[in-house]
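Peer 1: Dumping the structure here so I can ask a few things about it.
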Amino acid sequence: MMRILLFLATNLAVVLIASITLSLFGFNGFMAANGVDLNLNQLLVFCAVFGFAGSLFSLFISKWMAKMSTGTQIISQPRTRHEQWLLQTVEQLSRDAGIKMPEVGIFPAYEANAFATGWNKNDALVAVSHGLLERFSPDEVKAVLAHEIGHVANGDMVTLALVQGVVNTFVMFFARIIGNFVDKVIFKSENGQGIAYYITTIFAELVLGFLASAIVMWFSRKREFRADDAGARLAGTDAMIGALQRLRSEQGVPVNMPDSLTAFGINAGLKKGLAGLFMSHPPLEQRIEALRRRG
């Protein structure tokens with residue numbers, strides 16, 4: 001909770017600085033001179049409230065959504081020795097990472113994958129696919145679990161949601177400025193906001209949202225290196241490298257993880273060229289090389 005409060009305080013400061021900067025550069029006067037009567041301070045606050053509300057709401061229901069969308073079955077009482085081993089391994093890794101043991105689940109998927117989610121590092125969920133358990137060695141599975149525990153211990157789910165909230169705020173803000181400018185200056189609407197405002201705002205939100213997602217994905221890729229590093233500390237560097245090499249050998253297998261969870265899975269598929277800017281995970285080769293440099 002302290003992380004959320006500190007981050008919100010930081011971003012309120014960012015919003016305030018942005019408002020002051022726009023005023024200093026005479027943006028309010030420019031808009032008013034062109035017939036756009038817009039209170040930028042009120043608009044920034046409005047966009048911040050709705051921008052953060054959406055991302056934080058998604059964060060708070062993330063565990064429930066993950067269970068529903070993947071069909072994850074929570075292991076409350078282990079029925080097999082594999083489930084017993086899974087619970088014991090997660091318990092050990094959680095203890096070593098200094099967090100409360102998360103819920104542990106298995107979801108039905110042939111692909112080798114895993115994810116972590118939850119609004120709090122002490123109220124999280126870690127789940128693995130049937131494919132991962134069937135085809136990976138115990139050391140490799142442990143390394144994957146350590147990677148996911150690393151996400152939880154680092155508070156990545158919270159941080160990514162807050163970064164998304166900042167992005168949402170400024171996408172909404174600039175889309176509405178563009179919409180007002182087009183409506184008042186180009187189409188000369190006089191009585192309230194015309195149809196041009198709504199069409200332009202929606203289009204601008206789509207375009208700006210798409211471009212801004214590259215920023216969120218850049219942060220997500222940085223986050224993966226940190227989770228790999230945590231996995232190496234908890235399970236051993238060789239085991240973490242081995243797990244990533246095994247994932248690399250399965251890159252032809254389609255990834256069917258829901259979009260909302262892809263950023264928190266260990267395997268997100270492969271994209272090339274400019275599409276790489278919108279990847280939630282770095283290429284496996286880069287992740288393996290980073291671990292090798294770690295020693």
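Here the Cβ of each residue, glycine as well, is placed from N, Cα and C on the backbone.
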Peer 1: In Swiss-Prot, His147, His151 are given as binding Zn(2+), so which of Glu83, Glu224, Glu250, Glu285 is in that site too?
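Peer 2: The record-listed residue among the candidates is Glu224.
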Peer 1: Provide, as an integer number of angstrom, the distance between the C-alpha atoms of Glu148 (active site) and Glu224 (Zn(2+) binding site).
Peer 2: 10
Peer 1: So if I exclude everything within five residues of the ends of the transmembrane segment (158-178), which remaining residues of that chain have a CB under 8 angstroms from its CBs? That is, six or more out.
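Peer 2: Distant Cβ neighbours of the transmembrane segment (158-178) are 3-4, 7-8, 11, 14-15, 18, 31, 38, 40, 43-44, 47-48, 50-52, 54-56, 58-59, 119-121, 200-202, 204-205, 208-209, 212-213, 215-216, 219-220, 223, 263.
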Peer 1: List, by number or range, the same-chain residues at least 6 past the transmembrane segment (42-62) whose CB is under 8 A from its CB atoms?
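Peer 2: Residues packing against the transmembrane segment (42-62) from afar: 4, 8, 11-12, 15, 18-19, 117-119, 157-158, 161-162, 164-173, 176-177, 260.
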Peer 1: If one looks at the chain holding Glu224 (Zn(2+) binding site), which residues at least 6 apart in sequence have a CB under 8 angstroms from its CB?
Peer 2: Ser280, His281, Pro282, Arg287
